[in-house]
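Features reported for this protein in Swiss-Prot:
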type	residues	note
BINDING	ASP8, ASP141	Mg(2+) 1 binding site
ACT_SITE	ASP8	active site
BINDING	GLU69	Mg(2+) 2 binding site
ACT_SITE	GLU69	active site
ACT_SITE	ASP141	active site
Amino acid sequence: MTRILGIDPGSQRTGIGIIDIDEDGRSRHVHHAPLMLLGEGDFSQRLKRLLQGLGELIETYRPDEVAIERVFMGKSAASALKLGHARGAAICAVVMRDLPVHEYAATEVKLALVGKGGADKVQVQHMVGIMLNLKGKLQPDAADALAVAITHAHVRATAQRLGVNTQQAWSRKK
């Protein structure tokens, strides 16, 4: 059994999703939640809260591997920079605990789950719910975090079949 933590980084709210993968490659939902960062003081205090919150989550759920969404450049450079800082804090929380980090672009996650890189959030939420047999509507941040974890599980399985690392497996999937 392998436990994967998926992270959808954000400067106001970071999505967390945890799944277990059995020996046959089946995914099972373990936990999902947003890590709320607003109201934590200035931006540096939010980053501190993110670092501490992820550390506590890692200690509680003990993931084996971590998958995180890459930053994409939107309309606002300032927002992208803040998102990059949040992503950096998240990665620090992970590597400080000697866990491997695997990175995926949002388009790669959408392609892996929905079959097209331009899928919208509703389609991703729907597929995550189906794949993990979840009832009810998922929050976008949690759905994205679970989607990143599922994507990594698929890439990981492909890598094992091919006898290559996950980066090489993803390159072959495209």
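Using the three backbone atoms N, Cα and C, a Cβ is placed for every residue, glycine included.
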Protein Cβ atoms within 10 Å of GLU69 (Mg(2+) 2 binding site), excluding its own:
25
Inter-residue Cα distance where the pair is ASP8 (Mg(2+) 1 binding site) and GLU69 (Mg(2+) 2 binding site), in Å:
6
